[in-house]
Amino acid sequence: MESLVEVQRGAAAIKEQFLTTKEKFHEFLASGRLRQSTDEADGDSEEPSGEPEQKRVRLDSDGDKKKKKRGQNKSRPHVKPQSYEDRRLCPSIVQERDTKCFYGEKCRFLHDVSEYMSTKAADLSDQCYLFNSFGWCQYGVTCRFAKAHTSPELKNLRNQDLCRRSTDTVRNLLDKELQRRLRKKQERFPGAEAYLKTYAGTIFHSKLRFWSVLQDGADAPVKTVGPITDTDIIKLRPCEKKQVDFRDKLYLAPLTTCGNLPFRRVCKRFGADITCGEMAMCTNLLQGQTSEWALLKRHASEDLFGVQLEGCFPDTMTRCAELLNQNIDVDFVDINSGCPIDLVYKKGGGCGLMTRTSKFEQIVKGMNSVLDVPLTVKIRTGVQQNCSIAHKLITEMKKWGVSLITLHGRSREQRYTKSADWEYIDTCSKLATPVPLFGNGDILSYEDAMKARETGVSGIMVARGALIKPWLFTEIKENRHWDISSGERLDILRDFTNYGLEHWGSDTQGVEKTRSFLLEWLSFLCRYIPVGLLERVPQKINERPPFYMGRDYMESLMASQHVDDWIQISEMLLGPVPKNFSFLPKHKANAYK
């Protein structure tokens, strides 16, 4: 069949009247741009990549087969948080404290409000989401919406009625005193120490018996660790721990970078039942790192919430579990045994735990001994592509005392280049009984969810599907396709930015941090194809969207996989980007084969 463009193999089937070519698509978007782009014309006939020249993916140096590294932006450098203001106002002035600045003359921040206002970037709007929601904005004159709550004398205003009604919506904040004890290594972990002594004693006794049998064939007397205390005797039995009903729930996967608190709030609105924080490194939590503890924050709307820990040693994981058990409010704790990235795998964490069964068992039993909430585990089918080991591991984990197992139907080697193996997930779900097992992989429509439920899984975990279309949870619960308009999708992004300003701040740094996370999310959202444009419904997660024209300009703009177009969308919500702003997405749109 002749068509406007030649559709590549693996591309989604879109109605012919909407198909177009790459050149016409970008020409159409350029003609409707709301911002001037005079600086972009450099005479190059090729489509710009949106990446700085030095950050482009390099090809192999040899002249033979030159193959690009796929999937991730391998050359993306690790950069420190960027400052978008030359001089920042001292927190003591922003918060209008009665006391003088603690650092006095040595303080590196500005103390003159008038001087700061002369260099501050223009306000983005005369309405502040934080002031309208809570009656007070803690960022005062530094807020990029300060017109809404600043007096002519540059004083921060309050709406006392709203202030009285508003309550704390975020929990699991890091206490400063706890952070000080962690940094000085003064925090004590009695439960973890008791387990680790038992664990060390078990290893010592087994080795001692082994060598004594070799020498004289007799068992050596077993040496006790120490006196038994009330803590050892009075322990919570498994039936006395907090019980969570996981069955037949929709579980939003813990998504690194994109699975932040504002995004989880969006998914909760659309019907996600279970949410989980981003993967947190247990060693960083034990050191009291503020950025790592931020991953544990819980919004009031998250009624069934857990945190995910990554680690590879029984001592650190057990101590971290006890630390969280005593200091934060969660419904369950999850062990990450599925992370495929090299940084985690090579040190024995993530997928590496699946091949270290003895260490894995010690971690699970140690964490279980100090937790008052259920312990769950997320795994993959295995490490190698054609060597699945999850079924062997699941039968062991039932004995270890896990409360829920989540199985991603791919191996570490596969990443996302093959479809998830739901037949294998079905087999494993039967082996896991009576422990509930959730399946994960390739859920992008309610039909996909229905097929998944035909297997023996107790529930479904949604990961990339939620990033591509967060309203997927509503579709699954209502058994329908939602032909969502571009205006409704823009409203979802507006809600995300409002939640982001509440979470990261409404000053310049907070606005740009919200923008960067919005752009990371847009790198997934652009893969969505509106239902009304599809030749056959539903869209499959591994089908590449061809170039197509939307039913309006915004729908076409949202279909672009060009970084500059994502930035244009962000400017509609958060104003123009600073002059020194740069963005390189973490992942490429490369989950297709």
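Any Cβ shown, glycine's included, is placed from N, Cα and C.
Just so you know, TrEMBL annotations are computer predictions that nobody has curated.
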Zinc finger range according to TrEMBL, out of 127-152, 257-282, 309-334: 127-152
Annotated zinc finger segment (source TrEMBL; candidates 84-114, 177-207, 394-424): 84-114
Averaged pLDDT score, the zinc finger (127-152): 94
